[in-house]
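Database features, via Swiss-Prot:
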COMPBIAS  60-83  compositional bias 'Polar residues'
COMPBIAS  1465-1476  compositional bias 'Basic and acidic residues'
DOMAIN    495-656  domain 'SSD'
CARBOHYD  ASN58  N-linked glycosylation site
CARBOHYD  ASN366  N-linked glycosylation site
CARBOHYD  ASN478  N-linked glycosylation site
CARBOHYD  ASN479  N-linked glycosylation site
CARBOHYD  ASN817  N-linked glycosylation site
CARBOHYD  ASN827  N-linked glycosylation site
CARBOHYD  ASN846  N-linked glycosylation site
CARBOHYD  ASN1245  N-linked glycosylation site
CARBOHYD  ASN1339  N-linked glycosylation site
CARBOHYD  ASN1391  N-linked glycosylation site
REGION    1-84  region 'Disordered'
REGION    1447-1476  region 'Disordered'
TRANSMEM  185-205  transmembrane segment
TRANSMEM  506-526  transmembrane segment
TRANSMEM  528-548  transmembrane segment
TRANSMEM  550-570  transmembrane segment
TRANSMEM  602-622  transmembrane segment
TRANSMEM  635-655  transmembrane segment
TRANSMEM  729-749  transmembrane segment
TRANSMEM  1000-1020  transmembrane segment
TRANSMEM  1023-1043  transmembrane segment
TRANSMEM  1047-1067  transmembrane segment
TRANSMEM  1098-1118  transmembrane segment
TRANSMEM  1121-1141  transmembrane segment
Amino acid sequence: MESGSISRQREDAEMPDSSTTEGPSLEAPQSEIPEVSLCPPDSDSTESQMCPVEIEENQTKSSSPFNSHSSTQLERQVSQGSAYHSPPHKKCPCCGHQQPSQSDVCPGQMNALHQADCAASPVKTLYSCSPSRLPSCHTKMQCHWLHGSHDGSNHKPVQHHMVTVRNDGLHRIPRSYSQVIVEYPMTVLISCTLVLFACSLAGILTGPLPDFSDPLLGFEPRGTDISVRLATWTRLKQNTGPGKPLSPVPWQLTEKTTTGKDTIKSEPQFRERSRRMLHRDNAEHNFFCNAPGERYAQLVFRSGNSASLWSLKAIYSMCQMEQTQIRSGPQFDKLCQVKSEFYGSMVKNECCPSWSLGNYLAVLNNISSCFSLTSQQVSESLGLLRFCAPYYHDGSLIASCTERSKFGRCASVPHRCKLSSIFQILHYLVDKDFLGPQTVEYKVPSLKYSIVFLPVEKSDSLMNIYLDHLEGHKLTYNNTTITGMDLGIKQKLFKYYLARDSIYPVLAALALLITIGLYLKSLFIAAMSLVAVILSLSTSYFFYKVAFRLTFFPLLNLAAVFVLLGSCLNQALTFVDFWKLQLSHNPPAVPEKRMNRVLQEMGYLIIVSGLTSSVTFYSGYISSITAVRCYAVYLGSASLINTLFALVWLPCTLILQERYAVLSSNTVGKVAWKPCCSKNAGGFWETSSRKRCLFTFRQKLRTLGRGFSDTSNLLFLKILPCGVVKFRYIWICWFAVLAAGGTYISCVDPGMKLPTSDSRTTQLFRSSHPFERYDAEYRHQFMFERMKDGEDEPMMLTLIWGIVPSDNGDHFDPKSNGSLSVDPGFNMSSLQAQIWLRDLCGKIQNQTFYSPLSAEQDTAEDNVCFVEHLIHWVSIRRCSESEDAFSFCCNNIPFPYPPRVFEQCLSMMVAEQHAEGRLPSAGGLRFDSEGRIAALVVIFKTVQLYSFNYNRMSQFYQEILSWFNREISKAPAGLQRGWFVSQLGLYDLQQCLSSETLEVAGFSVALTFALLLLTTWNIPLSVYVSIAVAGSVFATVGLLVLLEWQLNGVEALFISAAAGLSVDFVANYCISYSLAPHSDRLGRVAHSIKRMGCPVATGAGAYFCVGIIMLPATALLFRKLGIFLLLVKCVACGFATFFFQSLCCFFGPQNNCGRITLPCVTQQSTENILSSCSATEPGTNNPAANGAFGCGKGSRVRRSFNKENEGFLCPNQQHHRKRQPVGGREPEQNELQPLACQLSDSFENSTCTSKLSNRPSVLSDDIQFCGLSPKQDYDRVSIEADSTEMCSRHLKGCNPPPALQTSSPYKENMLRLPQDACKEKVLCKKCRGQSRGGLQLWNVSLSSSSSMDEIMITQTTDTVNERSLSMDDHIHKRLLSCQSQSSIEGLEESNDTCLTEVEAAIPQAGKIEDEFQPGHLNGKRDTLRLSLKETVYDLASPGSGRVRTAQSDVPVILPNSKPDMPDVWIKREGKGEGGS
């Protein structure tokens, strides 16, 4: 209000009854509250102080309903402008009109008289900050630069009041959770924090801390059929051998047979002989120390321009790079293998030469160094290799040909090809395609890759060599490049990168916290968010470790930090926004009511979003991968704890912040004003030039902040709602196609790229890293690696009986393998079993997948026909007449043998084979410690070659499975529990990742639907949210496929959490839509976007920054985590904002459609909970079409203005009138009938399709924002409009506030009705002249049930002539700009404020005043522009104990936004007592 305005009011004007809704109230006396100066003091002696005024509560309860009063009454009394301590009123001698006297002295200088009354006893202090209703008092020298720009339309001085109220202390029992939070915030916050801290401490101190030494542990499947069989087969091999529970031979027979002892010793003697022969071969050349092997460090070379490495230049380059890059460092000499050379009596130790192509060619040509090679020698060596390569590729040339050149396969190999150098070059040093079967005939074969084996074993000691000489250095020389390497330090280097790159996750977390701080302008809330996340994670670790008894803690569990920070970001933004919205009420409600309102809506949103996210995180529990299951349990528990804790720390933090911010601002404000409040205007600038720079910088920041705020308001209050609603057809089609395309890409073609290696060699660094290139590309290019992995080798099929396939270890601990379980029902000695096992041999050999043995292959590799071998062995044994055939297994025994004879003969045959060295290496029988047969293992080769192709391996597995199940069903009783296993570990991992990842995603979507249905009880909204979440998840997975991500355990873990990360944003819109104060779909959609658009976009933008920040990380875990968070949050934001809202535009629930109602709670829910489906029907006379909630009971209450409801805005108002005491006329009720009734319930008319050409659209740019924050204005009006409880309470316990007193561009005589002119008491000219300087506008709180289209106006009889006062244009505009913060944004909340048809033309200005009819548009409909700045009421209340004696019949004028446009006359006949 301008300082020059004059306050005019009746002498006997009444203050509103400040009774609360909790019970009856007593009209309390007005408190003497000292005025607080709004201007800086001139000196220290004139500093304004705020003195608390103690108000003693009545300690004695009375039976009278008017015996008690609350802090709510006190705060409302303090908030009224006329109740303040002010100078005495001047009384006009002519008309008796009173006006407050104006003083030139700041009110703050009058406080000294009251300072002595400040109480020193413990008291409760309530603060009320509301716009000042008093004229601003400023000194002549003002420090305007400290307050920023004072725009008349935006700036309103704020007056701080402090009231001290004594309460009953500990004897007062809180009635609700919000009351506990408001009265004891510090106690509640500290108590909950201590509980969580105690749990965290217990989790840390109980047992060992997590071990991250093996970051890749736990990414293998556990619990599947194949994994259980592979684990059992592994344990069977581990438990077989000397000194172990099982043995391949009966130990009783081996102890008696000396041949067995000699044979047992023959194997190590054979190895020693081979080692001596290899040493003798190397000693002839006197060059290499040993043979190359996979235990040595390896470097892969390739030509830069794809040229062949088989050239003298390339060979020189490889030798040179080895010398400069590897051997030049002093650390290499300490780690390399050393060979001793004797020079006379001296011994010289030097590093062994590397196994490189150049050195082998030097050996073949009998030269000392690779630098001495010539082109001719290189060509001759190529010819030798070309000649010997076919023998290598057909399997004839093997490593043993050097030792046994005349036996077995080596007999056909030429002598000059039996050199170890030929085999080692082809086997180790060159790629598989060099001189292969397809390229051996090429004239100039191409050598693409070549390996160099360093004489250093793989170990962590090579870490320094890599970091000092290889990482970050140029690895190219003469167009030859080192592109891959395997130094055995991949795991250690990964942990090194994790530690070095940890700065990126820290920066990402800080980005989320800074986003919270900047958005909410509170570092305290950001710090509390971090504390809440830490306590939630540590408490979840306590439950993870103590309650769930899980010992394995994978490294990726730490990624839950970003998930919880994002959850805290969403919770804090929505909660604090709504809290600030409650504070923007004029005046704000008491803290208890505000907190109760915020917890009802935002607490509900937090619970719905948090519970849904937590349960979807738990969906990863159904996965078979251990790390994914552990991550699901930990993240789900942490999210649940964080959700529950958010309902404690968020409200407590806001109460504490509000409580202590007032004290700090008052203390700091006085000190901050001293340097600049000098008598000399230039004193501020003369103090220091640094202050001018700081002031300029601060002004720039303010300007930037205001510009950003205006842009945000324009985007999220206008552009985004209009864009979503008007282009909903495009959005729903576009995102539907995006979801369908993502589903097709991720599930059908091409699908996620499955891993080509087991989990131990998973990708840890970027694809361009030399370690990753070796594992992904070069490992499959060399024959020694391919043979080690069994690639392109026939797969072995193993059939096992006697052992139960079980995994009785802890499935949540990869190190817990369990024990071996023996089948007690195993019996292979029965007659039926012997016959079935004999027939099984022929059945296997007749299968298409069986690979028969060649004549050159060792029969020990295949024991499928061991029964036939036993029959043959028994038949060739000759027994004498004195010998017992059954005891010595002679030829006189017919088959099938008696069970005891079968076991004895079988044991003897195995002992004889073992003595001869023909015992199968892996198959055969397993004997227990007593010599009995405990298990049977049958192994044979198949025609299927080992492959990484999932489809090929799946076809082979299904073929074997169907055949084996068919055969085992016909087996005798003792053999029916057999099972098979093969090299299916990679296939099992691929199968789990390809199927279970999609199953987890689908299950999480189903859980989303279930949880939303349980929390919202609305089927359509739950379905739409589930569709949006599913589309977001599959679109994200489709984008990951397009980014060529390989589906490993890490990726599966991320995808399992995708639904939980996507549901937050959709839940925000869903709850906001269901609580919107609109009955039509489009209005609810616009409301939810305006309310939640900014927090959702801010959260998505914060995660976008997180992804960008983590991109430079070398560790692939951080990079993928950042990319995944970026994609899933941005895609979820798009689907929530555009797809979900578009679905609601088309099929959003209304009129209770889809809502599950329980009969026992229907009545209560309709009274206390905001209904998401209005009962409004198109074409009915219902003001709810304009965006207001129903105020009464029931979900289908209609608020109309016809005689049926007796002309009341709310149903409860009728009952309220009935309770009024009889006396005088009822106050007149006036309203704008054409805007409130008979409007179509459509968002189209209120947004973009208004038929009124001159009226601006609700979402158009013609609307001018008023107030400090348009977004707060909009939110305040919309929140107040949707509170049915507050509306009901206001009508029951509050008095009607005063009517709006304003000016009109019409003349005085045009505003009064002739028949009422004689009844009015006219003010004198002096009073009228004083009133032209300004007007007193009552600033009262908007009722929560009122909206801009439901304006109820009452008028007292003694202020009638004030309506006839006219003002100048500039005075009129200042009034409109300085009114309460209920700005024209309230119109945006209305669904339908435009007119549906055009009335008659504008009447001429010369017509008499009789033609202007009250309650009608008076022919100005096409130019009507309303600027409803304040919802106004009459302060006089019949319930206050005094009855008004007269009522004015003059209609109320609602001013137009432009002075040249006509005002609107509105009038509605009030109902008397009888009529009500």
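Backbone N, Cα and C define each Cβ position, glycine as well.
Features as recorded by Swiss-Prot, highlighted on the structure.
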residue	record	CB count, 10 Å
ASN366	N-linked glycosylation site	9
ASN478	N-linked glycosylation site	14
ASN479	N-linked glycosylation site	12
ASN817	N-linked glycosylation site	16
ASN827	N-linked glycosylation site	17
ASN846	N-linked glycosylation site	8
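For the transmembrane segment (1047-1067), the list of distant contacts is 218-220, 556, 563, 566-567, 570, 605, 608-609, 612-614, 616-617, 619-620, 623, 625, 627-628, 631-632, 635, 639, 752-755, 759, 762-763, 993-994, 996-997, 1000-1001, 1004-1005, 1007-1008, 1012, 1025, 1028-1030, 1032-1033, 1036-1037, 1040, 1096, 1099-1100, 1117, 1120-1121, 1124-1125, 1128-1129, 1131-1133, 1135-1137, 1140: same-chain residues at least six beyond its ends, Cβ to Cβ under 8 Å. ASN478 (N-linked glycosylation site) sits 52 Å from ASN817 (N-linked glycosylation site), taking the C-alpha atoms as the reference points. Highest Cβ pair count under 8 Å relative to the transmembrane segment (1098-1118), across stretches 506-526, 528-548, 635-655, 1023-1043: 506-526. Residues of the same chain lying 6 or more positions beyond the ends of the transmembrane segment (635-655) and with a Cβ under 8 Å from any Cβ of it are 178, 181-182, 185-186, 188-189, 192-193, 196, 524-525, 528, 531-533, 535-537, 539-540, 543-544, 557, 560, 563-564, 567-568, 571-572, 575-576, 579, 591, 595, 598-599, 603, 606-607, 609-611, 613-615, 617-618, 620, 1057, 1060. The stretch from 1000-1020, 1023-1043, 1121-1141 that makes the most Cβ contacts under 8 Å with the transmembrane segment (550-570) is 1121-1141. Per Cα geometry, ASN827 is the residue among the glycosylation sites ASN366, ASN479, ASN817, ASN827 nearest to ASN846 (N-linked glycosylation site). Confidence across the domain 'SSD' (495-656), taken as the mean pLDDT and rounded to a whole number, stands at 92.
Comparing ASN479 (N-linked glycosylation site) with ASN827 (N-linked glycosylation site), their Cα atoms are 67 Å apart once rounded.
Distance noted between the C-alpha atoms of ASN366 (N-linked glycosylation site) and ASN827 (N-linked glycosylation site) is 64 Å.
Across the structure, ASN817 (N-linked glycosylation site) and ASN827 (N-linked glycosylation site) are spaced 27 Å apart at their Cα atoms. Secondary structure at ASN366 (N-linked glycosylation site), as computed by DSSP, is coil. According to DSSP, ASN827 (N-linked glycosylation site) sits in a coil region rather than a helix or strand. Same-chain neighbours of the transmembrane segment (1121-1141): 504-505, 508, 559, 562, 566, 720, 724, 728, 731-732, 734-736, 739, 1024-1025, 1027-1029, 1031-1033, 1035-1036, 1039-1040, 1043, 1054, 1058, 1061-1066, 1068-1070, 1085, 1088-1089, 1093, 1096-1097, 1099-1100, 1103-1104, 1106-1111, 1113, counting only residues six or more beyond its ends whose CB sits under 8 Å from a CB of the stretch.
When Cβ-Cβ distances below 8 Å are used as the criterion, the transmembrane segment (729-749) is approached by residues 998, 1030-1032, 1034-1042, 1134-1135, 1138-1139, 1141-1143, 1146 of the same chain, each at least six residues removed from its ends.
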